[in-house]
């Protein structure tokens, strides 16, 4: 009888594992959709803001995480449900964010604020077709930092991907004058180019840092943990940007900038509101993907969105797509394909190894 119960328990374990994996896959899919929608719409809105007279870079940086209070709703709902559950069982409610994770969140939040400023600085002077290609190098930086921080392995396919992405950036750099917006100085255009690359490097560090934080904290990744970490990172980033806006006297100039905005005052505030919503959606998706999977998967999805961003920029914005950009895009996609193929081969090799170990007791 005891053996039958034990066997039933063993049979239940694979079912529970499958259910957990299916929920995790569903969450990754949802977060990927959130990130894709937020990334494309957010980039378009930020560029429209700068094209029509907007100049407040710290304001746009703040909008990346300004919508963080909306996360209070899912966190509160989850808390209320758990409170009822734990009250009936006479247990205390567990808070998933440990002091160590809170410190990690504060550091990552400040770095995120700086990263957002670097990206916005680049987008104020560069077309989306250029900034998105440069931003895609964050995949290479993510993999490099992940190698040192969470021990992801380097492969020949990864090295090939990094070289191709760097070559793509060099091609854009050598022919940048061909696509410089009218009235933009060569110095500002070059500075935007460099700042975007530095932002991509810092973005890669943050992605690896998020994965490193929950690995080192030694806690199980749950929906509650993801929401709480997102809230803290976004809050610290928003507070950092608010301090920078006060120092830069941005709050005093918003009203005047709205009156002088090229599309009108109403559309100015509408663009700011939509930007905040889009970028917060992107933040939820990006951090969710990293927590539920890895920083590298986030980098891959980010790289996949480049061609879509290019298409939207050409259709809705006054941008062209010349031969240099096509070549850089081809190299970027080639690098992505090389990296993805390498990851696929490694995963298949790991499955074969696991199957061999699983069948070993039967052979004995």
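We number each residue from 1, going along the chain as drawn.
Cβ coordinates are placed from backbone N, Cα and C, and glycine is handled just like the others.
Predicted automatically and left uncurated, TrEMBL annotations should be read as such.
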TrEMBL annotation (transmembrane segment) - matching range among 1-25, 26-50: 26-50
Recorded stretches the transmembrane segment (62-80) and the transmembrane segment (101-119) touching, at least 3 CB pairs under 8 Å: yes
Recorded stretches the transmembrane segment (125-150) and the transmembrane segment (295-317) touching, at least 3 CB pairs under 8 Å: yes
Closest-packing stretch to the transmembrane segment (295-317), where packing means Cβ pairs under 8 Å, from 26-50, 101-119, 189-210, 231-248: 26-50
Segment-segment contact (the transmembrane segment (231-248); the transmembrane segment (101-119)) at 3 or more Cβ pairs under 8 Å: yes
The transmembrane segment (101-119) touching the transmembrane segment (268-288) per 3+ Cβ pairs under 8 Å rule: no
